[in-house]
Structures are given as C-alpha cells and as structure tokens.
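Structure first, then comments.
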Amino acid sequence: MKPQVGINGFGRIGRLVLRAAVASNSVNVVAVNDPFIDLEYMVYMFKYDSAHGRYKGDVKVDGGKLVIDSHRITVFQEMSASAVPWSQAGAEYIVESTGINTTVEKASAHFQGGAKKVIISAPSADSSHVRVGVNHEKYDPSMKVVSNASCTTNCLAPLAKVINDNFGIVEGLMTTVHSYTATQKVVDGPSKKAWRDGRTAAQNIVPASTGAAKRVGKVIPELNGKLTGMAFRVPTPNVSVVDLTCKLSKPATYDQIKAAVKRASESSALKRILEYTEDQVVSTDFLSTTCSSTFDARAGIALNDTFVKLIAWYDNEFGYSCRVVDLISYMFKRDH
C-alpha cells in the first residue's frame, strides 16, 4: 500500500516531484492540478527538461489522463485550492507546490476537496517544518499541514546537525551561491521588493536575502538564533552550493571534521541525504543528484581549531523534490 498523492502546481518543483515519485516507486501520484497548463502541454513540459534532460520513459495523453509509463494521472485545472476535487482521484497527500498557499490557513483549503494531509514544498511562516534525516521523528500524525522547508535549508540542515552534534556550533554565517530561479528576470525589469532582484539573471551575480539559515532553527531548535545567511544568485540554471562559516565550541582539526561528516554520510539516518566527496568537483557534477547535501571535503578550510568554512553542494531542484517524496512516504508510514 502506497500513499495516494496529488500535486498542486506543475512548475519546476511540481514536475520534478512527479519525476522523483515515479523513479522511487514509494508513492503513487494520482492527480495534478494546474489552471494554467492544459493536458497536452503537461505532456510536453514533463517530457522535455532543459536542466535534467528528456524523460526516458513513455509520456502521453490517454483517455483524458496524463499517462507516465504505467501511471494514469487525473488532471484538474482549478484556480482555487478549495475547488480541487482531490477525492475524485483518491488523492490524500497533497504536495502544495504553487508557492502561493504557504500558510496553514491557505494550505488547509485543500481539505475541502478531500485531502488528508498537505506538504508545502516551500518555507512556511506558521506550519511545522519536518526534514527527513534531521527532525523527522518530530512528526506526529495529528499534524495536517507540514513544510519541507527550502532547498537551501535542506542542504544546510544535515551538515549543521552533524557539526553541532559532534563539535557544537556557537554561531555561524551561511552563504548560498544559488542558481537563478523562475522568480528572476530574463532581462532587466521592475522589482518592488528589492530593486536588484529585477536585474537580468543570466548576466549578473545578484546579492539576495534568504531565510534558509535562520529556518534551520525550526528543525534543529538548539541552533535557533545561532545562524543567519544570505545568497548570491548566479548565472547558472541549476545546482547551488552552501558555504557555512562557523565557530565551534569544541576544538577540532579539519581532518576530524571530515571524518565526522563521512561517518554521518554512511549512517542509516543520513544515507542518501548527506553525501561526502573528496573529488575535485564542480557544479554540473551534481545535476539530478538525489541527495540533499554533498560535503566537499577539498573545498573547506579552517582558520584554526574553532573557526571553519564548510562547503556543501546541492541540486536545488531534484534533490529537494526527492526529499518531498521521502517525507510523504515517512508520513504515510507513521499515519498507518
């Protein structure tokens, strides 16, 4: 028995959650809702992907459904979350990937259509943040709406947990060198919130705000108030890298830190979530990787035994989407 899943919003994350779900075979996606993409266009958008390549299986329309290999998926085109008839397709676990319904109140609109649980694929101001491999044991079946946090929090949290558990983090600053996303501009345009966010993404390095480091405190309470960070949006289409610069409470050599991260990456708790490499890698080496965080042992440095800079890579699209699928699978097991 598998969780029956619906996806609301067929954008970057919605499509890649579907790819991850089909690949993992641990959940069954039975419905997709997007008011702006018709069925034929869904086939095209799922089949062809500029970052992750052409889908290697069979994608088609059959009997008014989106068919991916042997998976028959009902398609809705409702504007409002409350209007999506999820129960008609048997969908109970809803991935909210529009980027709009990110509060408990807004996400709860899905319950009107028969949803049982909602997983927000973005940070949320008021829902519980649950991260597989970091704080999944905090999930309780009474929780109806949960957030999988952001892709950057998903990269940072496993690394921060390992470092804090082994050496203690007094305080730290995070910088993510982040690929551009759909919120940025192809050419210079207006941006009321932050003017430089409106500059062309493919031509500039754009300093930007991010709450990813602060949100680590939501999944690791002992780090609450100890981390903050910022982003540089750079002209690459996918894959990003986190720089965690932190002060340790317990002195450690860089070799000891590497050993601790390597052990953690091989543990049952973090296997497939945190990986370790000593290869001389670059960003494209991580396209379509399924883990949340890959520690780059060669890239980090230490000023002394208590002040270090640690580097971790992540596919900010597909790696994140794989954790959404893992979270649904874990919730389903706990719920049943």
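Yeah, the Cβs are placed from backbone N, Cα and C, and that goes for glycine too.
Among the features that Swiss-Prot reports, active site, nucleophile is placed at C151, with the record citing sequence analysis. Here Swiss-Prot flags R12, I13, D34, M79, N316 as NAD(+) binding site. Per Swiss-Prot, D-glyceraldehyde 3-phosphate binding site is recorded for S150, C151, T152, T181, T210, G211, R233. According to Swiss-Prot, the site 'Activates thiol group during catalysis' annotation covers H178, on the basis of similarity to another entry.
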Distance [Cα-Cα, Å, rounded] between R12 (NAD(+) binding site) and T181 (D-glyceraldehyde 3-phosphate binding site): 9
Local backbone state of R233 (D-glyceraldehyde 3-phosphate binding site), from DSSP in three classes: strand
10 Å Cα neighbourhood of T181 (D-glyceraldehyde 3-phosphate binding site): matching recorded positions from I13, D34, M79, C151: none
Fewest other C-beta atoms within 10 angstroms, as judged across S150, T152, T181, T210, N316, which are the binding-site residues: T181
Rounded to the nearest Å - Cα separation of T210 (D-glyceraldehyde 3-phosphate binding site) and H178 (site 'Activates thiol group during catalysis'): 10
C-alpha spacing of S150 (D-glyceraldehyde 3-phosphate binding site) relative to D34 (NAD(+) binding site), in angstrom: 21
DSSP-derived structure type at N316 (NAD(+) binding site), helix or strand or else coil: coil
Cα separation, H178 (site 'Activates thiol group during catalysis') to T152 (D-glyceraldehyde 3-phosphate binding site) (Å, whole number): 9
